[in-house]
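Trainee: Marked as domain 'Ig-like' by TrEMBL: 33-117. The domain 'Fibronectin type-III' annotation in TrEMBL covers 136-231, 236-340. Residues annotated as region 'Disordered' in TrEMBL: 333-355, 429-457. Marked as signal peptide by TrEMBL: 1-37.
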Amino acid sequence: MPAGRPRPAAPGPPAPPAPLLGLLLLCALGAPPGSRAHTAIISPQDPTLLVGSSLQVTCSVLGEAPGTPAEGLYWTLNGRRLPADLSRLLNGSTLALVLSNLNGSQQQSGDNLVCHAPDGSILAGSCLYVGLPPEKPFNISCWSRNMRDLTCHWSPGTRGETFLPTNYSLKYKLRWYGQDNTCQEYHAAGPHSCHIPRDLALFTPYEIWVEATNRLGSARSDVLTLDILDVVTTDPPPDVHVSRVGGLEDQLSVRWVSPPALKDFLFQAKYQIRYRVEDSVDWKVVDDVSNQTSCRLAGLKPGTVYFVQVRCNPFGIYGSKRAGIWSEWSHPTAASTPRSERAGAGGGCEARGAEAGAGPVRRELKQFLGWLKKHAYCSNLSLRLYDQWRAWMQKASKGRQQHRARAACPRAEGARRELQPHIWDPVYPLSRAPPDEPQLAEKPRSLGALLLAGPSR
């Protein structure tokens, strides 16, 4: 639309009614119904101009249109009447219009510039194409889901909008031989994308580029060279399950199934997990999952809901040395850690005499957990013996705190459930351990001794 034109001091008389639909279709279909087509000529016809340009256009009434003096003619642009001071008579049958500092076209089909007779009828029309030449497309990225197809996406340029219909063509060919091919299935993965469904070769690099053209010029992207085996991706891992690890308050177990799309090909896969608490938007990513299909998350908050997602990256397909492309994240799966059973957590009597220094075994266990959280979230380390130790420590701590709670709150004695007579506590002899607890040949005095003792069988 023209910019920089002086605005009239007061709105001019409204343009007589005109077929609105006809105006909208003028540039696409020619003269609208009800117009006196070919009774005047607009020159230049359908010009294409750069943004910021100026234009002088004339409307000349033909000799076989008597009774139509040029001084009664007026102009409209996209249905709006232009100010009279932008026009001037060149002679008795020609009216000129000057537009300065033009802005980009408001319509992809071109802006409708129409010359009207004094009675409002349309004498002639023209389309104004005002825009920018295309910029060089960039940021081409491609991926394959089954090693037989290829989908590519690109960015149209830093400016983006050209105000003109711009055509993008994705071209590809084998690197050392073969002819240029043009992709046919556009917008398969959103705007500025194209899908090649078949007839692609393996073990041979392709050259891929994008060409952009419009009325003001053309531009070509840099050439992307790739091998199909290096851009393979998959769907997100299906059947993601998150569950508790027994009664452990700070751990969750995550299991999933390998994506089935590539099960028939020689490849490996590496996985990433991310998780967050229910009321947060910040994700924590676990990178060192390797090619397992299960993982244990440690160091979590007791009694907290977590959302977990998994994604996959195939690599080593048919011996390729490069990794593939990460899949999308799986749908979030939610699970909660067990609530802490410590006395006082539910608003009851606060236990007295809490252990300020828990002793060498507890300190050693804390150091081991710190190392585990930092280095071995999802390693192949067997935690069976550690789980037995942790369960024993939790039951022992619960028993001690129940004893202390009874001593601190004697009035609640009758309301509390009596403690079991056999609590496996460090102060009790080993022979008093309940029958369902793990039996050890002898009770180790440190975590190191326990690890050396090996898993219970």
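A Cβ is built for glycine as well, from the same backbone N, Cα and C atoms used for every other residue.
Curation plays no part in TrEMBL annotations; they are all automatic predictions.
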Trainee: Provide the three-state DSSP residue tally for the domain 'Fibronectin type-III' (136-231): helix first, then strand, then coil.
Mentor: 3 helix, 47 strand, 46 coil
Trainee: How do the residues of the domain 'Ig-like' (33-117) split into helix, strand and coil according to DSSP?
Mentor: 6 helix, 38 strand, 41 coil
Trainee: The domain 'Fibronectin type-III' (136-231): mean pLDDT?
Mentor: 90
